[in-house]
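I have placed the structure first, in the form of structure tokens, so that the comments after it can refer back to it.
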Amino acid sequence: MRLILISHSRLFALSALFLIPTFDSLSAENTLTDSTTLIDRTTQSDSTTQRDSKTRRDPAPSFWQRASNNLSETWQHPQSQDLYVPAITWHNRWTYDRAKTDKYNERPWGAGFGVSRLDSDGDWHALYVMAFKDSFNKWEPIGGYGYEKRWRPLENQDIQFGLGFTAGVTMRDNWHYIPIPVLLPLASVSYQRLSFQATYIPGTYNNGNVFFAWLRWQF
């Protein structure tokens with residue numbers, strides 16, 4: 001009986017010798033896996049933190065920043081020079097007495113010059129100055145910035161339609177040539193280098209409500 005117990009004890013001891021390295025190996029593998037997982041999570045966390053930090057450092061530009069960038073880019077890197085020729089002034093007959101419109105000038109003789117470019121989206125940006133005869137046949141200068149979103153319905157893209165705005169400053173004789181800020185709608189139809197552009201000056205009865213159009217030639 002004692003011999004049998006001794007044999008069992010030796011067998012148990014030998015089994016333990018074989019099992020201990022196995023447990024050690026499994027423990028090492030688990031430790032390595034846990035370490036790798038921790039490193040991966042730490043790396044992902046660092047990457048997320050860096051992206052969040054970059055987002056906080058580089059916020060989307062504001063409207064004024066975009067406007068300033070567009071003005072600067074148009075002035076410093078124009079793609080074309082433009083000749084402006086005033087074409088027509090029309091006083092809205094539904095908002096004027098005939099006695100008024102009969103004596104108003106609707107032939108805005110004058111000229112202007114500007115620079116322009118197309119951005120990466122194909123939209124139009126311009127800086128310009130222009131002078132023309134106003135409704136009282138007096139000289140009226142205007143200058144500013146123009147923007148149009150452009151559409152090209154044909155495959156050859158020679159014909160373009162534009163819709164946007166112009167912001168600038170004008171001066172009139174009947175207002176003693178005091179600088180007056182203006183913000184007006186802008187629309188155009190273009191064929192290759194020639195554009196017919198127009199704006200509408202809103203107003204009240206017998207005041208404002210004027211359609212003003214001009215030709216623009218790129219060279």
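Count begins at 1; order follows the chain as displayed.
For all residues, glycine too, the Cβ spot is worked out from N, Cα and C.
Among the features that Swiss-Prot reports, active site is placed at HIS91, ASP134, SER135. The compositional bias 'Basic and acidic residues' annotation in Swiss-Prot covers 49-59. Summarising the annotation, Swiss-Prot assigns site 'Role in lipopolysaccharide recognition' to LYS100. Annotation comment: Swiss-Prot describes TYR205 as site 'Role in the phospholipid gating', evidence class sequence analysis.
Features recorded in Swiss-Prot, as mapped to the structure shown.
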residue : record                                        : DSSP (3 states)
HIS91   : active site                                   : strand
LYS100  : site 'Role in lipopolysaccharide recognition' : helix
ASP134  : active site                                   : coil
TYR205  : site 'Role in the phospholipid gating'        : coil
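Contacts of LYS100 (site 'Role in lipopolysaccharide recognition') defined by a Cβ separation under 8 A and a same-chain sequence distance of 6+ are given as HIS91, ASN206, in order along the sequence. Here the Cβ of HIS91 (active site) has 20 other Cβ atoms within 10 Å, regardless of which shown protein chain they belong to. There are 12 other CB atoms within 10 A of the CB of TYR205 (site 'Role in the phospholipid gating'), with all protein chains counted.
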